[in-house]
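Only one structure is covered here, and it is reproduced in the block below.
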Amino acid sequence: MNLNSIPAFQDNYIWVLTNDEGRCVIVDPGEAAPVLKAIAAHKWMPEAIFLTHHHYDHVGGVKELLQHFPQMTVYGPAETQDKGATHLVGDGDTIRVLGEKFTLFATPGHTLGHVCYFSHPYLFCGDTLFSGGCGRLFEGTPSQMYQSLMKINSLPDDTLICSAHEYTLANIKFALSILPHDSFINEYYRKVKELRVKKQMTLPVILKNERKINLFLRTEDIDLINEINKETILQQPEARFAWLRSKKDTF
């Protein structure tokens with residue numbers, strides 16, 4: 001399978017996974033126009049759409065795309081039923097698309113019904129995990145989001161994190177505000193800054209590296225714990241996650 005990305009809105013990525021025959025699955029098409037343009041340019045044959053959650057910038061193009069390609073199957077959690085989903089999916093489900101098996105797992109936090117799609121090495125995680133960060137808690141609790149991130153963190157080292165937004169630079173700036181002397185984060189910041197100056201994307205990222213630069217995946221890391229302890233003593237990783245998320249919300 002081949003991974004492709006289509007920029008949308010100000011900072012969204014619509015991911016498109018294709019096979020050698022040109023059949024494709026489209027992930028979180030927030031708008032239809034750039035997808036239709038890419039389909040025409042590459043002569044792709046859309047087979048399915050994956051929806052991770054119900055927010056407009058992830059589902060806004062679904063109904064128009066279905067008008068052009070009514071044969072497509074649209075997979076999504078229950079919260080996307082009125083957004084164009086034709087087949088509802090949830091935690092533990094498996095589906096077969098493009099001849100490959102995708103495993104679904106629930107990742108509540110950003111929204112209550114958020115799901116991720118995984119077919120090694122590709123993880124389509126919507127707004128749950130970003131490079132260097134995680135989604136805002138619009139509907140879920142810190143505990144839910146922490147558990148969702150731990151599900152992702154348990155995946156193989158070579159998992160490719162296909163997030164839906166280009167937030168990496170801002171997220172790394174936040175990480176450095178907490179751990180300013182972390183050598184790996186500083187090195188990553190320089191690389192990301194160079195990419196963004198050239199208007200190049202920073203995604204996808206490998207989970208093995210993400211574990212080093214994403215503080216939300218490092219809540220049991222001694223350096224981070226020591227830094228948090230300067231302000232407050234928090235015994236549980238979930239509490240440290242909630243502290244970080246609160247700090248990021250006002251950063």
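Including glycine, each Cβ sits where the backbone N, Cα and C put it.
In three-state terms derived from DSSP, His53 (Zn(2+) 1 binding site) belongs to neither a helical nor a strand segment and is classed as coil. Per Swiss-Prot, the feature Zn(2+) 1 binding site maps to His53, His55, His110, Asp127.
According to DSSP, His165 (Zn(2+) 2 binding site) is assigned to a strand segment. Of all Cβ atoms in the protein chains displayed, 20 besides its own lie within 10 Å of the Cβ of His165 (Zn(2+) 2 binding site). Residues annotated as Zn(2+) 2 binding site in Swiss-Prot, with sequence analysis given as evidence: Asp57, His58, Asp127, His165.
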* Asked: With the Zn(2+) 2 site defined by Asp57, His58, Asp127, His165, which remaining residues of that chain have Cβ atoms positioned within 8 Å of the Cβ centroid?
  -> Asn12, Asp28, Gly30, Thr52, His53, His55, Gly126, Ala164
* CB contacts for His58 (Zn(2+) 2 binding site) [other CB atoms within 10 A, all chains] -> 27
